[in-house]
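Visitor: I'd like to ask some things about the structure below.
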Amino acid sequence: MKVVLNEEMRKIDKTTIEKYGIPGIILMENAGLGVVEEIIKDFKRDSNFTIICGRGNNGGDGFVIARHLYNKGYNVKVFIVGDSRDISKDALINFKIIQNLNINITNILDEKDLLKLKEGILSSTVVIDALFGTGLSSEVKGIASEVIKYMNKYSKYIFSVDVPSGICGDNGQVCSLAVKADKTITFGLKKCGNILYPGAEYCGELILKDIGIPREVVDLMNLKFNIITEEIVKDSIPIRKKDSHKGSYGKANVIAGSFGMTGAAILTCKSALRSGLGLLRLYIAESLNFIIKTNVPEAITVPLGEIRKGVIGINNIREILEGTKDADVLTIGPGCGNTSELSEILKRIIGEVDKPMVIDADGLNVLSKNVEWLSKKKSEIVITPHLGEMSRLTGLSIEEIKRNPIEVAKNFAQKWNVITVLKSARTIIASPKGEVFINVNGNPGMATAGCGDVLTGIITGFIAQGIEPLKAAIISVYIHGLTGDRVAEKKGEYGLVAGDIIEKLPYTIKDVIGR
Ligand SMILES: NC(=O)C1=CN([C@@H]2O[C@H](COP(=O)(O)OP(=O)(O)OC[C@H]3O[C@@H](n4cnc5c(N)ncnc54)[C@H](O)[C@@H]3O)[C@@H](O)[C@H]2O)[C@@H](O)CC1
Ligand SMILES: [K+]
């Protein structure tokens, strides 16, 4: 499912109006009707409505909503924030209609008008927030910010029109303050700000309404941002043939685990195997071999001589490189330790291995000191940083990344030509070609140690099975999140641990692909 930036939505509206001759006023009518359709599902005829409108087209949608609710016999009050002489073109047509209908309209120009607003809100069952949509252009200040405070403080139930006012449609950031809606009805396509946090939380329940934008217009735009859906995932996992053997499902080589961190290796290996992988080889310090063998008997281990207790060194590089010749993927990083030994190994691997690679955790920590190694890579690489790791890789603060995760992931993917999986509450996958895939499942219960290792294992397993790395990353992130949600459904979010996701993984895959 496509998702858009404000500017893209404006272009879509403009093309619809100018190229296809569908007047903006019709789109506005459809938008308003879409909201009314949702309202009447939830609220009976004795409900009272306060509709708070800005002077742009978002306010115009509000005027349409006011008219239809009034015609249906609901009690409606409209408040306009700012001078009504500045109302924009299409909105003005609808404003004049509600004037002609003698609907109760109040102007909010300054603080002295706020008392009327407070009374209006307190006497209403529902408040409709049609103050700002995709046209919000800066921080909210002055009287508008007071109006938003009043909405949040005194409303019983808020419907936001398109985007909660005060939320930036591009990145979901709060522009100093924003409306906390119970439901948001967005039009045509979901906006990034509806999906990314904190915007997603401010939306409450999000509903997408068709407003009559021709399909051709959307196709023409060549939109690059997507929400991951089950359809994308379902169609990408290959069918297992009856006449097959373990070689048919790929070989994965994994470098993970060190003294004190064998758990990361175990979780990575187990989840790779649970995702349908044929054969897994783990390169591990010899003193840790026994722990792995007893915990993941299905893994083949390659015990390596150690430099220090439980840490392998560059002296093993020949064996590691040799082993990649018949492998389909090489994964490096989980639980390896942020050591100079790993750094040396990673440098050689990036420069010499021509098989797809997954770099995670300590692999990223050592890479962050030498990102330029990526320019020497011989293969497709997937990196899976969480916000802290992305901060180290880019030199940006975590706050900066959170403010614009799509841009940060996209820029990194394009600059270094790597598939970038930026993990957070909304994991973002960016490709070197500028495509972006946003994952919307998963839950806070998954914010625990080990869940990242599980994701790395799943990606490893799917790449080994022959799925191209970008697709493998997309599928894995979705299935990982969905499995976490299924675990949380039964166990709740508090007791969820990474191992639970591994246990449930086969069932999720079975249900998603339907076999
Ligand atoms: N033809 C179209 O473009 C359509 C637009 N639609 C609606 O129109 C919205 C976009 O309309 P607009 O582009 O007119 O923009 P908005 O109505 O979202 O906002 C623009 C208005 O807000 C004011 N404003 C912006 N930032 C401000 C700030 N920080 N503080 C105070 N005032 C501020 C501007 O001066 C202007 O009056 C969409 O979100 C959607 O709800 C729908 O009606 C469908 C069709
Ligand atoms: K709004």
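Backbone N, Cα and C atoms are what each Cβ position is placed from, and that goes for glycine too.
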Visitor: Starting from the AMP binding annotation in TrEMBL that includes Lys423, Ser424, Ala425, Arg426, Thr427, which of Gly434, Gly445, Gly450, Gly452 is the extra site residue?
Guide: Gly452
Visitor: May I ask you to find which of Asn58, Asn71, Asn226 TrEMBL records for the K(+) site already listed with Asp129, Ser165?
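Guide: That K(+) site, as TrEMBL gives it, pairs Asp129, Ser165 with Asn58.
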Visitor: Filter the candidate list His386, Ala425, Arg426, Gly452 of binding-site residues, keeping only entries whose CB is under 6 Å from an atom of ligand 1.
Guide: none
Visitor: Could you state the whole-number distance in Å separating the C-alpha atoms of Asp162 ((6S)-NADPHX binding site) and Thr427 (AMP binding site)?
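Guide: The Cα atom of Asp162 ((6S)-NADPHX binding site) is 23 Å away from the Cα atom of Thr427 (AMP binding site).
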Visitor: Just checking, which of Asp129, Asp162 (binding-site residues) has the fewest C-beta atoms within 10 Å of its C-beta?
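Guide: Minimum Cβ neighbour count within 10 Å, taken over the binding-site residues Asp129, Asp162, occurs at Asp162.
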Visitor: If I restrict to non-local contacts, at least six residues apart, and a C-beta distance under 8 angstroms, what lies near Ala425 (AMP binding site) in its own chain?
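Guide: Sequence-distant Cβ neighbours: Tyr197, Gly442, Pro444.
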Visitor: Do you know offhand how many angstrom separate Asp129 (K(+) binding site) and Gly60 ((6S)-NADPHX binding site) by C-alpha?
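Guide: The Cα atom of Asp129 (K(+) binding site) is 12 Å away from the Cα atom of Gly60 ((6S)-NADPHX binding site).
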Visitor: When you rank Asn58, Arg426, Thr427, Gly452 by Cα distance to Ser137 ((6S)-NADPHX binding site), which of the binding-site residues ends up on top as the closest?
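Guide: Going through Asn58, Arg426, Thr427, Gly452 one by one, the closest to Ser137 ((6S)-NADPHX binding site) is Asn58.
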